[in-house]
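Per TrEMBL, the features are as follows:
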- A:6-27: transmembrane segment (TRANSMEM)
- A:26-389: domain 'Cation/H+ exchanger transmembrane' (DOMAIN)
- A:95-117: transmembrane segment (TRANSMEM)
- A:123-144: transmembrane segment (TRANSMEM)
- A:165-183: transmembrane segment (TRANSMEM)
- A:195-217: transmembrane segment (TRANSMEM)
- A:229-259: transmembrane segment (TRANSMEM)
- A:305-323: transmembrane segment (TRANSMEM)
- A:335-357: transmembrane segment (TRANSMEM)
- A:369-389: transmembrane segment (TRANSMEM)
Amino acid sequence: MHDLPWQSLALNPLAAFGILLALGVLGGQIAVRVAKLPGITGYILSGLIIGPSGLKLLDQQLIDEAGLFIQLALGLALFDMGRRVDLRWLRREKALFATALLSGVITFLGLLALLTFSGFPMAPASLLAAIGIATSPVVLLELVRESRAEGQVTERLMACTGLNNLLSLTVFTLALSFTHFSAGHGVESFILLPGWLLLGSVLLGLVAGLLAIRLNVWLGGGKREAQTVLMFGLIALVVGLSAMLKLLPALAILIFGLATRNLERGYAVAEPSLSSRSSFFFVAFFVAAGAQLMPLPLAALWPSAVGFVLVRSLLAAGSWWVAARSNGLPPRHGALLGLGLLPMSGSAVMLMTMGALTLSAGAAEFSGFLLSVLCLTELLGPIVTRFALRCAQETRD
Amino acid sequence: MLEFSTSQPLTLGVELELMIVNRRDYNLTRGSDDLLHLLGRSPHGYDIKPEITQGMIEIGTAVHSDVNTMLEELLAIRALLVRTAEKLNLGLAGGGSHPFQHWSDQRIYPKERYQLVSELYGYLAKQFTVYGQHIHIGCPDGDTAVRLTHYLSRYIPHFIALSASSPFHQGVDTLFQSSRLTSVNAFPLSGSMPCVGNWDEFNDYFTGMADLGIVASMKDFYWDIRPKPEYGTVEIRICDTPLGVDTPVLLAAYAQMLARQCFEDGWDDISPAHYLTYSYNRFQACRFGYDAVLVDGVKKRQTSLLEDMLDTLNGLLPHAQALGIEAQHNALRERILQRRLDSHWLRQVYDDSGSLSEVVRRQSEFWMYEAPALSVN
């Protein structure tokens with residue numbers, strides 16, 4: 001006798017995406033209404049509750065199957081963040097460029113020192129410290145959208161996030177090269193592969209940027225809807241292509257956004273407000289991120305994970321506090337900006353996989369530690385960043 | 001009882017309300033606090049202050065008798081503002097209204113008066129995110145100020161056409177050359193000063209309104225032209241903020257010539273009949289610019305605004321010579337003969353690009369960097 005349809009129920013990717021969205025929205029609303037937390041925290045908590053570490057409504061396979069939407073969300077956010085990096089501004093406002101760069105370098109060195117002091121070998125320590133430079137573009141964009149924050153702290157926070165993601169990906173590639181070198185891998189592993197990752201991603205982003213500008217000029221500003229669909233398409237294409245070519249999708253998309261903002265006639269790519277039209281992708285992204293959180297490693301590694309997060313925040317807040325005046329900000333606002341950099345980048349998991357594959361030994365410790373840190377920053381980051389923007393009086397709520 | 005401070009006749013001052021936009025999509029942004037904070041770090045001595053919503057900033061000149069020195073000061077203020085705005089990656093722009101901002105997105109500036117206005121007028125306060133130029137003309141006494149206010153009301157359509165730069169409103173082409181005044185019209189105390197004959201009568205009117213609890217100060221009147229007793233001036237408030245930094249000086253020169261004509265001729269023809277067609281003529285100028293048709297309710301005839309402006313300018317030539325501002329007189333004449341309207345320029349940019357963001361980008365570049373057409377001195 002055949003099974004009846006309801007006797008062999010299995011979630012497919014679309015149903016998984018639906019669950020991510022529906023439960024995410026409910027969780028977000030509960031967080032906002034009951035606990036006065038940012039909606040993002042609610043989405044992440046929903047994910048944690050229904051994910052493999054909680055009620056197991058979603059397993060890893062289903063999360064992977066909904067990965068298309070999640071990658072697209074990350075792509076949309078990184079593209080938007082790339083557009084926040086205004087090179088004309090950075091050329092004039094060298095203080096911002098120098099502060100973002102120095103703050104990133106100081107964070108990297110501080111984390112590297114902490115990790116090696118805690119007993120990590122140099123290779124995984126450098127990979128972890130490189131990942132620690134970057135702030136999450138998705139969290140920032142969604143928080144700014146949710147709280148309708150506007151002002152210098154918000155603007156500089158965004159520009160700094162774009163820059164620290166670029167720096168993080170570059171340093172990560174170099175650290176990867178160092179890891180291959182330390183492991184005694186061949187030249188192709190420690191020079192050609194990182195070179196391919198870095199230059200290939202930059203090139204793909206630039207070509208996509210040039211193409212987007214040309215096509216938008218051809219479409220004309222009157223075709224706003226067509227422009228928006230085109231940009232969605234190009235972002236999906238760049239994410240897909242960079243995965244196919246085994247590049248760094250995050251870097252390619254960042255450069256893509258940056259190119260459309262800064263290359264000649266880039267204004268033809270009128271602000272498509274892609275991120276504001278993509279909130280359902282972002283909800284799915286955060287629920288999936290929550291579902292992937294693993295509180296167990298945190299239970300074991302919490303002292304060093306807390307140390308990592310504290311050092312990272314203190315160095316960022318300290319750097320920006322010192323540089324506040326040259327950035328035209330009151331020192332308090334500088335410190336708040338540094339604090340707002342807490343959420344860690346959404347592409348960290350992908351980099352973690354890449355890093356773990358390279359590390360012959362210690363891959364498990366490396367991944368476990370990063371998952372513990374992510375568990376902390378994903379839960380605390382949105383709350384701290386919203387607090388910083390509120391204290392700077394740039395939000396509306 | 002309002003005391004009218006004496007001031008040097010025909011001296012001038014202008015105030016300009018400017019847009020603060022981001023340089024990403026060129027929408028209005030909450031930038032006045034950041035700008036003022038940075039400007040306040042070193043003493044500059046210029047009059048730069050916040051306005052009702054945080055996407056606005058107001059600049060004002062000192063008192064000038066020579067429009068050339070006024071332009072010099074405006075250029076110096078602009079240089080300071082541009083330096084500061086560039087550090088913050090903000091754009092500044094002229095124009096009477098932002099083409100695509102949404103009024104509900106605007107934030108009231110945290111100042112007691114603006115909060116009170118917002119409480120009283122509700123959504124009108126945020127809709128008042130429009131940008132105008134005010135021109136102050138010095139008057140020796142209150143009676144003269146009342147006379148000049150009535151005299152200038154006849155020329156309100158001229159000022160509207162010369163400054164019209166708000167063709168778009170909330171993302172739509174209004175077909176008006178100046179749509180800004182529609183936002184002002186919504187206020188109950190807008191329009192024109194009542195037909196009082198002298199300063200005593202004005203004071204009676206003011207005291208009556210104050211006793212009824214309707215007004216507390218002259219600031220509560222949103223009239224197109226009003227006496228400003230604390231400054232000893234008459235203030236023309238009808239103009240959109242022009243796109244260029246030099247056009248406000250031309251408008252001030254025009255007001256100076258008209259005021260001199262009023263004073264020299266001893267004009268005193270105050271009559272309610274002149275106000276019969278005031279609102280209609282005002283509408284015509286807002287809607288059609290130079291193509292407006294003016295109705296003279298007293299002489300019962302219609303004239304084209306363009307012809308009326310050229311006739312007026314011809315009559316003002318001796319006053320321009322006496323004031324040493326023939327260059328400004330010529331520039332105004334050229335502007336009218338070429339039918340040059342800022343609103344046409346904005347529409348042209350939109351037709352070429354199809355993007356209102358691009359319109360604001362270009363108008364911001366224009367206000368911040370365009371060299372003045374008339375050189376200083």
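Cβ atoms are placed via backbone N, Cα and C, with glycine included.
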Ranked first among A:123-144, A:229-259, A:369-389 for CB pairs under 8 angstroms with the transmembrane segment (A:305-323): A:369-389
Contacting positions for the transmembrane segment (A:369-389) when only residues 6+ beyond its ends and CB under 8 Å are counted: 37-38, 40-41, 44-45, 120, 128, 131-132, 136, 139-140, 143-144, 147, 149, 153-154, 157, 289-290, 293-295, 297-298, 300-302, 304-306, 308-309, 313, 336-337, 339-344, 348-349, 352, 395
Within-chain partners of the transmembrane segment (A:229-259) [C-beta distance under 8 Å, separation at least 6 from its ends]: 71-72, 74-76, 78-85, 87, 162, 165-166, 169-170, 173, 196-198, 200-202, 204-206, 208-213, 215-216, 219, 266, 269, 272, 274, 345, 347, 350
Candidates A:95-117, A:123-144, A:165-183, A:335-357; stretch with most C-beta pairs under 8 Å toward the transmembrane segment (A:195-217): A:165-183
